[in-house]
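As written in TrEMBL, here are the features:
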| type | residues | note |
| --- | --- | --- |
| DOMAIN | A:100-306 | domain 'ABC transmembrane type-1' |
| TRANSMEM | A:32-59 | transmembrane segment |
| TRANSMEM | A:104-126 | transmembrane segment |
| TRANSMEM | A:135-159 | transmembrane segment |
| TRANSMEM | A:187-208 | transmembrane segment |
| TRANSMEM | A:229-258 | transmembrane segment |
| TRANSMEM | A:287-307 | transmembrane segment |
Amino acid sequence: MASTDQDISLSASETLAHARRVDAQRKTRARWILLSPALILIGLFGLMPLSITLVYSFLKPGSFGGVEWVFSLDAYIQFIAQRDIFDDTLSVNWSYLSIFSRSIGLSLGATIGALILGFPTAYFIASKPADQRNFWLFLITLPFWTNLLIRTYAMLLIIRDQGVINTGLMSLGITEAPIEILYTDTAVFIGLIYSYLPFMVLPLYASLEKLDLRLIEAAYDLYASRFRVLTNVILPLAKPGIVAGCILVFIPGLGAYITPELLGGGKKLMIGNLIAIQFGSSRNWPFGSAAALILMAVVMVALLLYVRHSAKEGHSHG
Amino acid sequence: MPVTQNMNQLKPTVLAKNDADEVPAISVQGLVKTFGHSSNQITALDDVSIDIQQNEFFTLLGPSGCGKTTLLRLIAGFELPDSGTVLLHGEGIEHLPPHMRPVNTVFQSYALFPHISVADNIGFGLRMLGWDKAKITNAVEKMLDMVRLSDLANRQPDQLSGGQQQRVALARALAPAPRVLLLDEPLAALDLKLRKEMQIELKRLQDQTGITFVFVTHDQEEALTMSDRIAVMSAGRVLQVGQPKEIYNAPEHRFVADFIGDINVLPGQVKHRQNGKLVVMIAGGSEVHLPDDGIQSDSLFVAVRPEKATLAKSGTGALSGVVNNIVFFGSGTNIHVSLSDGVDFVVQTQGSETGLSLGDAVSVNFADSAAKVLRN
């Protein structure tokens, strides 16, 4: 009797194991089926264009746009150096590097500007009663109802020499001649802040909204002045939001096209414009591809450095 | 500045409590605080005056919404009073912001800073006071030792258990040696066993530091076991202030009697007053003789603690009734008796054997001295 019991229990456990295996297989299959639309989209419209860009950057430009299928590193060399037309020697070409560094500078400036403007805004919204916050968030997202191009044109009308600001200042007698803002770096800077401010406010709000107000009271109770409550408690706790906001402003700002094109007048180039020109009037697709990839590489390295740094910091906490 | 006082300079243990000559540690006078606007205004504090003596363990006791936490927040400075004064050792502080007041708070939620270590949490107040690093390290070590958490100095708060977090919160609030420590239901989130341990720990810390503790709780047992004195609050008013024994044995108010422990409340009518005695007719028709403390109304309430009453065979006592429930609770048994007029009366006996069963007719007895007259 005992042995039969054992047999039965053994086969029962085998059946159970088999059932579990089948169930696990079914789950894996279901997971892939559910993921496939997203994977197909990412593959088709994300990875493939990127691969084409990568391949093109190592080819020679065709005379009327497009590429010639001949391997060449010229596109990358051209970015940092220029070839003398007489003796073929290479010397450093600062013009593209300066566009690159200007882009980084402007975008960084806009990020800091957006942070300074966005933090009080986000704090204001987060400190409103819960039922009013959605209204204020709605106001933040209101600009997205209109196309960025239209909004940038509107901006152009405001800051140009005959615009609202300058006519206003002159009619008040504050200035005699219009202050030149349009087609300067200042215009691009203002435009970038304006365009990307909501991307700063929203993640900041998300982290400030979670902030436990009792922590602020606790700090205040422990002899911290308002300023030190901000620097010792609020800012460190809002750090994830600050980082997310900065990334969301800095990266699109770096590749901005419309803002420098319209407000910079096409004279003050940023990388986005440089790339656009290569695919348009300059008909140098490989160079455009190379510039796009260099931009991407810089952003990726910066992000990786940050992730490594914060992982280390998180580890030391652990 | 008293807050910069070093822990070493603190008066150690054994200090005369409730010394009448001393200036009260906290004296609030005529505090009024309302929230909201005209149409739906809530009065959180309605003319509250209390004196809390130095080195006292003083408890504000009451149900949620009675105003006890608001009173604590007014002392801490998180709220400003509509009118009234808050004196700390005789000095008016009601106009000062929290970071200028030498009082510290232990929050119900602990409110530990999640981004810094246990040691940095404890040292936070000292850093804000501008102590130099060596002194802070020293003081933090002492505090860690005092709350027995020296091993966990470098942990993050979220790596600690509830009881450990509680002790860090205590150490953080005690580190700057405040004149008064405010505790806002600090034990409410702990389980029963841990709560009992922390009650003892809190008393020990109070003895050791000699700091005045103002403790807010809705748990009457906690209040009775820990406090030097208790203020029972209800609906924004202080109903009675006294030592735990006074509050328990001589509640002056029906609310206090009901709130502190179990009590039987019987409606009664004054039959006559003579020689400073009240002769009160209570439900069921028996008479009780009570001291006349000048109560005006002829209809009043008489309260008797369950453990002060006894049961006897039917027909031999003052009140008669029928046993309708027997509840065993470990160290004793509660016998619920339905009196002849329908009022429920609970009698507490020792042990588990009562020799009674449901439906038995019994008599309830209690001495005149066990009965208290309550103001409604």
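Positions of Cβ are set from backbone N, Cα and C atoms, glycine also.
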Selected stretch (most C-beta pairs under 8 A with the transmembrane segment (A:287-307)) from A:32-59, A:104-126, A:187-208: A:32-59
Contact check, the transmembrane segment (A:104-126) vs the transmembrane segment (A:32-59), 3+ Cβ pairs under 8 Å, seq sep 6+: no
Chain residues in Cβ proximity to the transmembrane segment (A:187-208) (below 8 Å; excluding those fewer than six residues from its ends, i.e. six or more beyond): 106-107, 109-111, 113-115, 117-119, 121-123, 125-126, 137, 140-141, 143-144, 148, 151-152, 155, 159, 181, 234, 237-242, 244-246, 248-249, 252-253, 256, 259-260, 262-264, 268, 270
